[in-house]
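Chemist: In case it helps, TrEMBL gives these features for our protein:
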- Gly173, Asp174, Arg175, Gln176, Thr177, Gly178, Lys179, Thr180: ATP binding site (BINDING)
- 46-96: domain 'ATPase F1/V1/A1 complex alpha/beta subunit N-terminal' (DOMAIN)
- 153-368: domain 'ATPase F1/V1/A1 complex alpha/beta subunit nucleotide-binding' (DOMAIN)
- 375-497: domain 'ATP synthase alpha subunit C-terminal' (DOMAIN)
- Ser366: site 'Required for activity' (SITE)
Amino acid sequence: MSKPSQRLEEYADILKRLIQDNEEALREEETGKVLSNQDGILILSGLSGCSLNEVVQIGDERIEALILVLRENSVGAVALGNYYKIAEGMTVVKTGKQFSAPFGDALLGRIVNIFGAPIDGGGAIVVEGWAKVEDAAPEVMERSSVCEPLYTGILAIDAMIPIGKGQRELIIGDRQTGKTSLAIEAIVNQKGRDVYCVFVSIGQKNSNVFQIAREIERVGALNYTTMVVASASDFPALQFLAPFVGITIAEYWMRKGKNVLIVYDDLTQHAIAYRTLSLLLNFPPGREAFPGDIFYLHSRLLERAGKLSSENGGGSITALPIIQTQSDDIAAYIPSNVISITDGQLFLKTNLFNSGQRPAIDLSNSVSRVGGAAQESAIKSMTSDLKLFVSQYFELLEFSKFSSDLNEESKKVLAIGDRILPILRQAPLNPYSPQDEVLLLHFISAKLILEIERAESVSVVCRRALELWRTHRLYKSLPLGEKIGIETKAELTQLFKSANRDVSYSSGRELNI
């Protein structure tokens with residue numbers, strides 16, 4: 001005779017199988033009806049066992065819809081396809097599946113929509129798998145602190161507002177201040193650095209998106225970049241899902257130990273799309289008519305970026321979300337929300353942009369809360385007071401407009417500042433290497449720029465110095481992880497003097513002619 005415990009286990013197995021078979025039968029048989037369709041906003045009945053973010057199929061054409069609201073006798077959903085083909089009374093079939101996104105190396109170099117279908121005119125994409133777009137962020141114990149720099153190639157950022165791998169750095173500013181250009185510069189600078197990039201375009205014009213794609217491709221950066229597009233002409237539901245598709249693609253590489261840079265352009269349009277859906281689905285409106293969970297929406301998205309510990313592969317996702325302000329109002333609802341979620345912000349101002357300062361970063365309102373720990377010693381040792389000095393320069397510059405009675409110390413600060421600004425200006429798609437940045441920062445920290453007679457000549461002298469530096473024997477062997485030694489500083493000073501002499505000689509010849 002069998003023991004009672006064995007018989008109990010057999011009965012338990014039988015019950016489990018019966019329950020499983022019953023659940024599968026219910027899943028197969030559970031259907032509902034379309035009660036109403038208002039431009040893709042659906043009210044469905046008869047789906048008592050469905051869950052949030054589940055995909056259902058409607059009608060004979062199997063048009064997909066995403067469930068966003070659960071009510072006592074009905075559910076609210078948004079159509080993901082041809083909503084105009086959905087009529088009241090159509091049958092709705094429960095799939096039991098969450099909305100998923102593709103992942104895999106085949107997505108590199110491609111432009112796709114949120115369903116993973118190519119829109120770049122290329123061939124079909126053979127992906128490695130699919131994953132739910134709504135997934136939990138890495139646990140605290142899975143993570144590591146931010147300790148490696150992610151170079152953007154932009155001197156003002158790498159020197160004064162450094163970004164580390166795994167950081168979330170907000171790019172914020174009014175329209176037409178260069179926010180997207182700044183993010184593209186960061187993507188371009190990852191060429192040859194073993195960093196994969198994901199660019200998520202939300203609610204932008206298709207013409208603008210493909211112009212960005214052409215620029216990235218022209219400089220050879222599309223090979224390591226995936227673009228996920230939900231354009232302005234797409235349904236709000238697709239714009240709502242786009243950033244979650246992007247982070248799902250990025251997480252695959254992070255889990256494989258890779259470093260990933262993801263750009264969200266922009267989360268203001270994402271918030272507007274979610275507000276549109278929420279109001280149409282009768283969510284209670286809150287501040288500025290946004291739903292009450294708008295903060296949670298962006299926090300659960302951005303928390304999925306970070307750096308994993310070495311035990312978990314050591315991969316990272318660095319996030320650069322973009323937010324558009326109105327009249328530089330960073331205290332508005334969505335900007336203040338995202339500022340509180342991220343690890344710092346790059347604030348771009350219209351007046352700086354219009355004055356020719358590109359990138360137009362307002363250093364007094366920009367900060368990197370964790371990037372300083374990732375900054376390498378060669379650069380950190382030369383930038384300890386630079387941000388404070390530049391902020392003081394701008395304050396003194398404003399004061400000098402109302403008073404000409406300045407002491408010698410103030411005049412010296414203005415003279416140095418007038419020569420620092422041209423160094424911080426950069427042409428589009430012209431990133432600096434860390435070695436280039438060390439040279440330029442030495443010119444500033446050693447106050448060599450005061451030897452340049454005219455502030456207008458600073459950019460010419462720096463260009464000539466960089467030409468000499470890039471062929472110098474120390475260029476590739478410069479130890480970035482250490483403070484710059486006295487002998488190396490002497491070599492850098494000599495490069496400056498040679499460049500300044502060359503430019504002065506050329507200018508003198510032009511005057512004589």
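Glycine is no exception: its Cβ is also placed from the backbone N, Cα and C atoms.
All annotation found in TrEMBL is predicted automatically rather than curated by experts.
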Chemist: Return one of helix, strand or coil for Thr180 (ATP binding site), based on DSSP.
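Modeler: DSSP assigns Thr180 (ATP binding site) to helix.
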Chemist: With the cut-off set at 10 Å between Cβ atoms, which of these binding-site residues ends up with the most neighbours? Options: Gln176, Thr177.
Modeler: Thr177
Chemist: DSSP on the domain 'ATPase F1/V1/A1 complex alpha/beta subunit N-terminal' (46-96): how many residues come out helix, how many strand, how many coil?
Modeler: 3 helix, 24 strand, 24 coil
Chemist: Translate the DSSP assignment of Gly173 (ATP binding site) into the three-state scheme.
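Modeler: SS state of Gly173 (ATP binding site) = strand.
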Chemist: Radius 10 Å, atoms counted are CB only; among the binding-site residues Gly173, Gly178, which position scores highest?
Modeler: Gly173
Chemist: Mean pLDDT for the domain 'ATPase F1/V1/A1 complex alpha/beta subunit N-terminal' (46-96), as a whole number?
Modeler: 90
Chemist: Suppose the ATP site is Gly173, Asp174, Arg175, Gln176, Thr177, Gly178, Lys179, Thr180. Which further residues of the same chain have a Cβ inside 8 angstroms of that site's Cβ centroid?
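Modeler: Going along the sequence, the neighbours appear as Gln324, Leu348, Thr350, Phe353, Ala360.
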Chemist: Sorry to bug you, but what's the C-alpha spacing from Ser366 (site 'Required for activity') to Gly173 (ATP binding site), rounded to the closest Å?
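Modeler: About 11 Å separates the two Cα atoms.
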Chemist: For Asp174 (ATP binding site), what is the tally of other C-beta atoms lying within 10 angstroms of its C-beta?
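Modeler: There are 18 such Cβ atoms around Asp174 (ATP binding site).
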Chemist: Name the residue among the binding-site residues Arg175, Lys179 whose Cβ has the smallest number of other Cβ atoms within 10 Å.
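Modeler: Candidates: the binding-site residues Arg175, Lys179. Fewest Cβ atoms within 10 Å: Arg175.
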Chemist: Which of the listed recorded positions (Thr180, Ser366) has the least company, meaning the fewest other Cβ atoms within 10 Å of its Cβ?
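Modeler: Each of the recorded positions Thr180, Ser366 was scored by Cβ atoms within 10 Å; lowest is Thr180.
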Chemist: What's the CA-CA gap between Lys179 (ATP binding site) and Ser366 (site 'Required for activity') in angstrom, rounded?
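Modeler: Cα-Cα, rounded: 13 Å.
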Chemist: What Cα-Cα separation, expressed in whole Å, is found between Arg175 (ATP binding site) and Ser366 (site 'Required for activity')?
Modeler: 17
